[in-house]
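Participant: Dumping the structure here so I can ask a few things about it.
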Amino acid sequence: MKREWDLLHTPGPTPIPPSVERAMNQPMIGHRGQKCKDLLKSIAPRLKPVFGTSGEVLVLTGSGTSALEAAVVNTTQPGDEVIVVVAGAFGERFAKICETYELHVHRIDVEWGRAVEVAQVEQTLKSSNQVKAVFLTHSETSTGVMHPIESIAERINELSDALVVVDGVSSVGGSLLDMDRFGIDLLVSGSQKAMMLPPGLAFVAMSERAWQTIQNNDRPRFYLDLRSYYDRLGEGQTPFTPALSLLFGLEEVLQLMEEEGVQQVSERHLLMQKMTRDACRALNLPLLVSEQEASTTVTSIRPQTFEAEQLRKLANEEFGLILAGGQKHMKGEIFRIGHMGYCRPANVFQYISVLEVLLKRLGHDFDAGAGSAAAQEAYLQGTREET
Ligand SMILES: *Cc1c(COP(=O)(O)O)cnc(C)c1O
């Protein structure tokens, strides 16, 4: 059974807007021809506001991790001291990549479900004056935490010359990171989260300072050498065959974001976060993450009265609602709802209603309709000025 009615609410991959699907269906083109040049030239400047930068945003073919790896290999040399904040599976991945490339890693381990404190980064930074880069995750998708990147970046820039490198795979397009203003040097992302595309594209936005470091770095690298992407960008070219169908889709994604407004896109995500969290509280569902530390794109729930996996199974079988489980040691402990990209307040009403039905089946104690009512209230509050 194809089950095209499935409601995909994993924190990536995420649903694709119909107009983006249609755009990806265009006839194939040659990647050295004029059409491809026009496409790349249309995309390049329009990606900048999404990343909050006036610098270049490079597009690679690969999953999000290829952008993380590109950030590491292009900015560092073996033996360099770096700091990595590890507060979940994706911070862990950044640390692993750094270790693989023989960096001297100062880990800041943070309890899963908590955000790092600026003081922790400050302390680690002060313990060495050789730190070349600090690797951070913006939205830690495995827990649903959003780290206070703006304050951390500000402090790092005050205290050192270390590059500020941010994994924005599950936040770019879902929460505005004003890269230039925040003092972020590299902001990397992928296509299948808030960018409303299938997996397969990776993005690397660079500050001028990062570009200088990358240019002067003679560490061997080939497919992920950002210099070759940067050099070709001006001519409307890529060094290797790009994922053309995804680029057709990306052009349409940018169109959609421009129509809505990049700021409004970010506000919509905040609204959906609020609706989801208020509903969970009204349903007596324990939230893993506190209000101040919560991600705008993914919400984690740690149930006490039923098994997270049981709920996920029922949601999938009965309604085609696809939720994510926990990763690593959080497996079976939590379930996660993705509310990013092609997701709107009406979709939140839908999954909250579905959850209520399932919670009844599971014998969970709550007032009937309380979740939906809370989501509606959050929606009305959040949109009051505009109505
Ligand atoms: C999904 C994700 C990644 C990795 O993406 P892949 O596309 O699976 O390589 C990295 N970081 C974060 C924060 C993510 O959410």
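Just so it is clear, glycine is given a Cβ too, placed from its N, Cα and C backbone atoms.
It should be emphasised that the depicted structure is a prediction, and the values quoted were computed from it without experimental measurement.
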Participant: From the ranges 1-20, 61-80, pick the one that TrEMBL records as region 'Disordered'.
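Facilitator: My reading of TrEMBL: the region 'Disordered' range is 1-20.
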Participant: Of all the recorded positions given, Lys193, Arg336, which has the fewest Cβ neighbours within 10 Å once its own Cβ is left out?
Facilitator: Arg336
Participant: Do any residues of this chain, six or more beyond the ends of the region 'Disordered' (1-20), have a C-beta under 8 angstroms from a C-beta of it, and if so which?
Facilitator: 141, 144, 169-170, 190, 192-194, 196-199, 249, 252-253, 255-256, 297-298, 319-324, 336-343, 347, 350-351, 354
Participant: Kindly state the mean pLDDT of the domain 'Aminotransferase class V' (28-331) in the predicted structure.
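Facilitator: A mean pLDDT of 97 is what the model gives the domain 'Aminotransferase class V' (28-331).
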Participant: Just to verify a number: CA distance, Arg336 (substrate binding site) to Lys193 (N6-(pyridoxal phosphate)lysine), in angstrom, no decimals.
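Facilitator: Here the two Cα atoms lie 14 Å apart.
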